[in-house]
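Asker: Residues or ranges marked as substrate binding site in TrEMBL: B:Thr29, B:Asp103, B:Glu128, B:Lys158, B:Asp162. Look at TrEMBL and you will find B:163-324 tagged as domain 'S-adenosyl-L-homocysteine hydrolase NAD binding'. TrEMBL lists B:Gly194, B:Glu195, B:Val196, B:Gly197, B:Lys198, B:Gly199, B:Glu215, B:Asn318 with the feature NAD(+) binding site.
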4 protein chains.
Amino acid sequence: MPALMALRKRAQGEKPLAGAKVVGCTHITAQTAVLMETLSALGAQCRWAACNIYSTQNEVAAALAEGGFSVFAWKGESEDDFWWCIDRCVNLEGWQPNMILDDGGDLTHWIYKKYPNMFKKIKGIVEESVTGVHRLYQLSKAGKLCVPAMNVNDSVTKQKFDNLYCCRESILDGLKRTTDVMFGGKQVVVCGYGEVGKGCCAALKAMGSIVYVTEIDPICALQACMDGFRLVKLNEVIRQVDIVITCTGNKNVVVREYLDRMKNGCIVCNMGHSNTEIDVASLRTPELTWERVRSQVDHVIWPDGKRIVLLAEGRLLNLSCSTVPTFVLSITATTQALALIELYNAPEGRYKQDVYLLPKKMDEYVASLHLPTFDAHLTELSDEQAKYLGLNKNGPFKPNYYRY
Amino acid sequence: MPALMALRKRAQGEKPLAGAKVVGCTHITAQTAVLMETLSALGAQCRWAACNIYSTQNEVAAALAEGGFSVFAWKGESEDDFWWCIDRCVNLEGWQPNMILDDGGDLTHWIYKKYPNMFKKIKGIVEESVTGVHRLYQLSKAGKLCVPAMNVNDSVTKQKFDNLYCCRESILDGLKRTTDVMFGGKQVVVCGYGEVGKGCCAALKAMGSIVYVTEIDPICALQACMDGFRLVKLNEVIRQVDIVITCTGNKNVVVREYLDRMKNGCIVCNMGHSNTEIDVASLRTPELTWERVRSQVDHVIWPDGKRIVLLAEGRLLNLSCSTVPTFVLSITATTQALALIELYNAPEGRYKQDVYLLPKKMDEYVASLHLPTFDAHLTELSDEQAKYLGLNKNGPFKPNYYRY
Amino acid sequence: MPALMALRKRAQGEKPLAGAKVVGCTHITAQTAVLMETLSALGAQCRWAACNIYSTQNEVAAALAEGGFSVFAWKGESEDDFWWCIDRCVNLEGWQPNMILDDGGDLTHWIYKKYPNMFKKIKGIVEESVTGVHRLYQLSKAGKLCVPAMNVNDSVTKQKFDNLYCCRESILDGLKRTTDVMFGGKQVVVCGYGEVGKGCCAALKAMGSIVYVTEIDPICALQACMDGFRLVKLNEVIRQVDIVITCTGNKNVVVREYLDRMKNGCIVCNMGHSNTEIDVASLRTPELTWERVRSQVDHVIWPDGKRIVLLAEGRLLNLSCSTVPTFVLSITATTQALALIELYNAPEGRYKQDVYLLPKKMDEYVASLHLPTFDAHLTELSDEQAKYLGLNKNGPFKPNYYRY
Amino acid sequence: MPALMALRKRAQGEKPLAGAKVVGCTHITAQTAVLMETLSALGAQCRWAACNIYSTQNEVAAALAEGGFSVFAWKGESEDDFWWCIDRCVNLEGWQPNMILDDGGDLTHWIYKKYPNMFKKIKGIVEESVTGVHRLYQLSKAGKLCVPAMNVNDSVTKQKFDNLYCCRESILDGLKRTTDVMFGGKQVVVCGYGEVGKGCCAALKAMGSIVYVTEIDPICALQACMDGFRLVKLNEVIRQVDIVITCTGNKNVVVREYLDRMKNGCIVCNMGHSNTEIDVASLRTPELTWERVRSQVDHVIWPDGKRIVLLAEGRLLNLSCSTVPTFVLSITATTQALALIELYNAPEGRYKQDVYLLPKKMDEYVASLHLPTFDAHLTELSDEQAKYLGLNKNGPFKPNYYRY
């Protein structure tokens, strides 16, 4: 992750996180290790737990421990283990975190529940997941958020890479690895035309599929039209499509009624949120037979012999059957590091007990750290131009409402 | 413009603008006529002047007058005529406007200067241009804005159509009508990768051009990379490109130094802002010969015989050499009408003396009024889904920071 | 046309057409002038008539005459003029052509009819149009072809540029100039998926249209599927489409029955062949009203008020309402010149009284002469590689059945 | 493979291969089994050997044997086994084949060498590979081909699917499965712009890569330009690219000199022919270290630490690291079956001792059998239209030189 390396280098020996005590709860992977080392190089102390019971790479956890980091996690934790690890991570005699880096909100939740007094010394929370951010906004709305929080999930750079750019590739990869389906000429319906849906649609159209879109939001719907996709209701095309992909963030988008009407061989998968979009539970009835044909691939067989091909049991295809490129993880980690630096160093009063987006200038900095990968050469404003535009030459370059 | 018709129809005889006295200053075209008729049908009285001395369609002005509207405009006004018309439009014994619809800010400026007392009864300003919006933000910053104003230029639907979708088509159209150039295999540099630049790049790439991009903003730069464009500084490619297109909103992006280094036959045009991006003045020197080869097309000839092809003397190509589709104008007019309705009917206190974006729900409504054109079928949330998402079934569907 | 210049230059003073007496019948345009000058520079004498009564550029004809060429043509010839010019061009006391360059077959036909003895001294015919080539194959089939003929219409390079690459751009250009239609979100049916249809479909899809295809040939149909287009019969989509484009080369593809069922505002145009594809005659009935809304654009109005927008009265849109880029004309002219050189210099026996395609090596030469325009750098085979592939280092590089 | 099923069904009990004794030598896979059953259902007797020592699926071989077919093959044959199997397959007391179905030419070669008399009763050879076809053309050129042979490798439908359509997908799949590389923004050079190169370029461009092309053939080079790719020599871009892909069919396209100059992390792979395109042997020198990082992926490490990522040791990426979709195999098998039927039933004299392409009508039939997969609806010519075009309503629809 050269961007984090560049970040350390540009710090030039300064320690913007000197004195920071960061307690983190994320996936424990090689990329997280680089993040922890970076935070440490910038002056922070770190203690870490896992945000998921399956995703810990044990060799990474071991290497981090060897390197002197306190890591509480292993692959295959039980539910009890999970909370025990989080508790151990937080609750150390004589150590009090002053920054939280969370992914999903479980760590934050635990401190709220067990150690609310800790918040007195905490300068802020950096949260990177949809779910965790949702929880923070609810706390804020309820007036219960007691420190500033930064929603890095919705920073521009991270969003575009996590969703649009990453899914544009992983939809193809996930489908190929599981089914070897040929995309050319296939009819596909994509439910939802947000960033994920846009990525899926662009990729499949480019590979020669005929793509239909469903939407609830008229603005996204109009975008789908202008991008060349027929906007339909699911029932208009469900009998004819070869592939159904959900990317709505919603629940029960593909229900049994639709599954009953799909044609033989139809592939069904979820690129959106959790495992709620396809009503998989409705398929666990006696008259249907399940046949596991390979890892992550089930044939669900109707009494008349019709099969549908269900991928990853309705969980996220891109996480289950594809990979997240290092480049995308680098953008996330750099965003997290900068959010920690910002919250930790912000002057009194800049942030209140509310949820904030990453300041645009930092968002731009994340992007600029990743341009060298593409040998991309940025143009600089002249003084005269900066004055004409009313901008600082170093950014931020856009108003907050700018949509990219 | 079926969307405005639908708007009237859905009002079902109600008059949301009953009592409104709208003074407007926009281009006087057939589309404006439909807008004025719509406002009138919704209960408003209207008086209108032109925002541009060239763009008035005299037959439209005449027809409106015949239909009982007060219109002060003709094609080819002098500067004095222009201000006289605005003044006449505003300053009528016994008539006092309570709403302003402006395009460019000249009307607003005039009232500020000449009739500041009028603002006492004015409920709000709806402004649609970049320039006018800029002026409003400056007034607001200076604490001098004395009524609420709505920036409809930056509403989502309007932005996407004015910039991305419209320019995706007009760049091709403008270049073809002026130069008949073949796009396949041409090397093109596009300066600026905002919405306009994105549209231009997508279109030219799709037609087989090889496109380079310059940018000052690292986020837009990273988008250009991921979309498959080499990010360069202008001097890296200026000698080799066949076409140079500016879409930065900036000034002096293409200066004489670059013009000197372009190859023979290079086409130069501006899709961005006003006439500032190409330093055309620098070409008006004795050693260069100008040859007008057809309307909007000049050959500028160097002493060694090299010619560059300058379009529209550096003014906007899409306005000068292409057309704006009715569909795009319909979106603008619908947005303006809804902004007027919102400001006029807003309960006391909803809007202060500040500049606002169109409420998302209205933005979504504009989009929904245009879906029937595409025979597009929107999906409705079930009660259960709306509850799960924490949304109202009728929208708004996204947080304000959502970027589409 | 730098390719013809390069051709002359590479000849290095040699005169491969020394002694050639070429009688030509093509459009008389600036490009033809360059071709005639090139043939002359390569040693040929030329006499020329026009292949079309409308297309002669009088100033070009005059300039050629001034330069010493015998040209028999003017803009707006009558039918009688047309044949008189051809006759004058051929029938000169003491001058006997030994090569024919024809476009449409009228010149060839005239010589067959009036001066059959001339063929004794004619070494070959070069024919560039679909119609002319068709006539030659019929002559050949009937055993009546008395000299070798070269079908340059079907040479690879010319075909790709005349059809695929040129139409990819001219479909957009022709539609915009006549109707200002916005392509995004429009539903379009393209009849025929040959090279022209492929170009139209690719362009419209890229601009955000939803494109349906009709085909009679299962191979082309399968290509349409794999390229992402729904393959339909016209009656399946005729009620819903916004634009109908014919590119079949066939007759009566869009008949009154379909025109009756199109929706209000549907645009109908022909990119294929002549004026046969749309049954325009069927629209000239008393109950329909024609309204000419601008040059090349008619509204045909049904009794219930429905309008369809007919372009160029069903003649070729790309010829009537767009332009043919110089680059495409350069490829044609270069191909013609090389075909003349080949036939004129071919050793006895290489060509019999039959119709031939341009030898692949010459086709490749045409392409190579146009690469510098794109600053394109060709790789050369090493001796070892040429041997491995069993190829001559200078080509031809592909077997005759290769499809590109 | 529904197309073969449809073929059987359309035969309606007729046995076009009654009396045929087919000896085959192809990959022994599930698809081959369906082909053999189809040939059998159409009246043929079949005996089969494997054309590759690794590719036999033993369970298929066993099932075929159980079903009464004589199959001589197993996975992991030695070189001796291989020829023993072929010999056993051919040389059976009292059984004499009258048709050959070959893939690579080894079976044909063996019969030429050992049992030349067999050709007296053989009606024809159907050959499907590039190599086998090359051998047949050489035999023909040398006057040694003693029966008609059909080159099904170059039939239109098969070519498009084996090369263009299949590689458009497998280049992405092969790269993802081996390296998880993100395509967006990557610089890629594709050597060769034939059907395979066209497929690779289209896919990568669509995914946001910046693609350069090298070519030796000026016609293909011009196509690359018009499709939007910079045409370069390899040495112009070798230092900057992230991925190198060969699709030339040539040898030593990527030699050590280029490998030395690639940047750290550059991925190198072959989509073209055999294992000749990348000079892998040149990398087996003492100063370079090879590290196998996972199946089919080697890091080759230079003394300065630079690594290049070599895939499949320079063998075909699409065969080694991706899969061939069933749909593509179905097209091949259908083409083979129809070629056997044609050669077996052709009247005396239709085919001489030469190599032929599949008759266009049969090629069209292969395509039409695959249209139902896409729910594609073909249009039929009316009598009047067929007459106008001079075509039979059932095809063939194109002249032989048509290029699709």
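The backbone N, Cα and C atoms fix where each Cβ goes, glycine too.
Looking at the shown structure, what environment does each listed feature sit in?
Answerer: Non-local contacts of B:Lys158 (substrate binding site) by the CB criterion (under 8 A, 6+ apart in sequence, same chain) comprise B:Glu128, B:Val152, B:Ile331, B:Thr332, B:Thr335, B:Val366. Under DSSP, B:Lys158 (substrate binding site) is assigned to a helix (H, G or I) in the three-state scheme.
Within its own chain, B:Gly194 (NAD(+) binding site) has B:Asn163, B:Cys220, B:Cys247, B:Thr248, B:Gly249 as residues 6 or more apart in sequence whose C-beta sits under 8 angstroms from its own.
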Asker: Give the distance between the Cα atoms of B:Glu195 (NAD(+) binding site) and B:Thr29 (substrate binding site), rounded to the nearest whole Å.
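Answerer: Distance between the two Cα atoms comes out at 26 Å.
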Asker: Just the number: how many Å between the Cα atoms of B:Gly199 (NAD(+) binding site) and B:Thr29 (substrate binding site)?
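Answerer: Just about 26 Å between their Cα atoms.
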Asker: Near B:Val196 (NAD(+) binding site) in space, meaning Cα within 10 angstroms, which of the binding-site residues do we find among B:Thr29, B:Asp103, B:Asp162?
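Answerer: Neighbours among binding-site residues, in sequence order: B:Asp162.
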Asker: Just to verify a number: CA distance, B:Glu215 (NAD(+) binding site) to B:Asp162 (substrate binding site), in angstrom, no decimals.
Answerer: 21
Asker: Rounded to a whole angstrom, what is the C-alpha distance between B:Asp162 (substrate binding site) and B:Asn318 (NAD(+) binding site)?
Answerer: 11
Asker: How many Å lie between the Cα of B:Asn318 (NAD(+) binding site) and the Cα of B:Thr29 (substrate binding site)?
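Answerer: If we compare the Cα positions of B:Asn318 (NAD(+) binding site) and B:Thr29 (substrate binding site), the gap is 17 Å.
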Asker: Rounded to a whole number, how many Å is the Cα of B:Asp103 (substrate binding site) away from the Cα of B:Gly197 (NAD(+) binding site)?
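Answerer: On Cα coordinates alone, these residues lie 23 Å apart.
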Asker: Among the binding-site residues B:Asp103, B:Glu128, B:Asp162, B:Gly199, B:Glu215, B:Asn318, which ones place their CB within a distance below 8 Å of a chain A CB?
Answerer: B:Glu215
Asker: Using a 10 Å radius around each Cβ and all protein chains in view, which of these binding-site residues has the most neighbours: B:Asp103, B:Val196, B:Gly197?
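Answerer: Comparing the binding-site residues B:Asp103, B:Val196, B:Gly197, the most crowded Cβ belongs to B:Gly197.
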Asker: Cα-Cα, whole number of Å: B:Gly197 (NAD(+) binding site) versus B:Thr29 (substrate binding site)?
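Answerer: About 28 Å separate the Cα atoms of these two residues.
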Asker: Give the distance between the Cα atoms of B:Thr29 (substrate binding site) and B:Lys198 (NAD(+) binding site), rounded to the nearest whole Å.
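Answerer: Each residue's Cα considered, B:Thr29 (substrate binding site) and B:Lys198 (NAD(+) binding site) end up 29 Å apart.
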Asker: In the structure shown, which of the binding-site residues B:Glu128, B:Glu215 has the fewest Cβ neighbours within 10 Å?
Answerer: B:Glu128
Asker: Does B:Lys198 (NAD(+) binding site) have same-chain partners at least 6 apart in sequence with Cβ under 8 Å from its own Cβ, and which are they?
Answerer: B:Leu164, B:Gln223, B:Asp227
Asker: Taking every protein chain shown into account, which of the binding-site residues B:Thr29, B:Asn318 has the largest tally of Cβ atoms within 10 Å of its Cβ?
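Answerer: Its Cβ has the most other Cβ atoms within 10 Å: B:Asn318.
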